[in-house]
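Participant: Sharing a structure, written as structure tokens. Questions coming.
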């Protein structure tokens, strides 16, 4: 039986994460803690012998992916469709600054996957650009999951993108997308793709796993 394991790994901590500043597609660097988190996640996931690693081109994700590539002996492929949600006018602002200029807007954004900040993307927009990444991998990598192999494809990306992509792959109604909560830095999601009636159906194996709890959830 062919089961395709898909791991969606969030990048390690950045200074802007630590300061509750909204990054979106602005390019920021990992903190020293973030690099340590990336290494810890890489050491756990490398034991799974990844089949392929694909990363967002933003530095915080790419540096996290490189830690995994170094430990698994694999190159890191880059795909800018895995970038974080573009947050429009909110990019670079702290949560408090957004709340001051647009009271209630962050709540609306969290509760409605169709809602987007001015000049930015909604989670539906993000899913529309990222789902094809997975579809293309299914078409181009026939050995992924073949013969019972448990080796996962690892996509290294961002919390907002991972939530949108996972919700879309799982086929959740858009109104229910917000049930998938936030993720810690250098934490990951695992989905398993099963063939049902000649189509792939994704199942959620784990949400927000990390190096600290991996043995308990995988």
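Every residue gets a Cβ built from N, Cα and C, even glycine.
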Participant: Per TrEMBL, which one of 60, 71, 81 shares the substrate site with 10, 11, 12, 13, 14, 15, 16, 17?
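Facilitator: Answer, per TrEMBL (substrate site with 10, 11, 12, 13, 14, 15, 16, 17), from 60, 71, 81: 60.
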Participant: Measuring Cα to Cα, how many angstrom lie between residue 60 (substrate binding site) and residue 11 (active site, tele-phosphohistidine intermediate)?
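Facilitator: Cα of residue 60 (substrate binding site) to Cα of residue 11 (active site, tele-phosphohistidine intermediate) measures 6 Å after rounding.
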Participant: What does DSSP say about residue 11 (active site, tele-phosphohistidine intermediate): helix, strand or coil?
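Facilitator: Assignment for residue 11 (active site, tele-phosphohistidine intermediate) reads coil.
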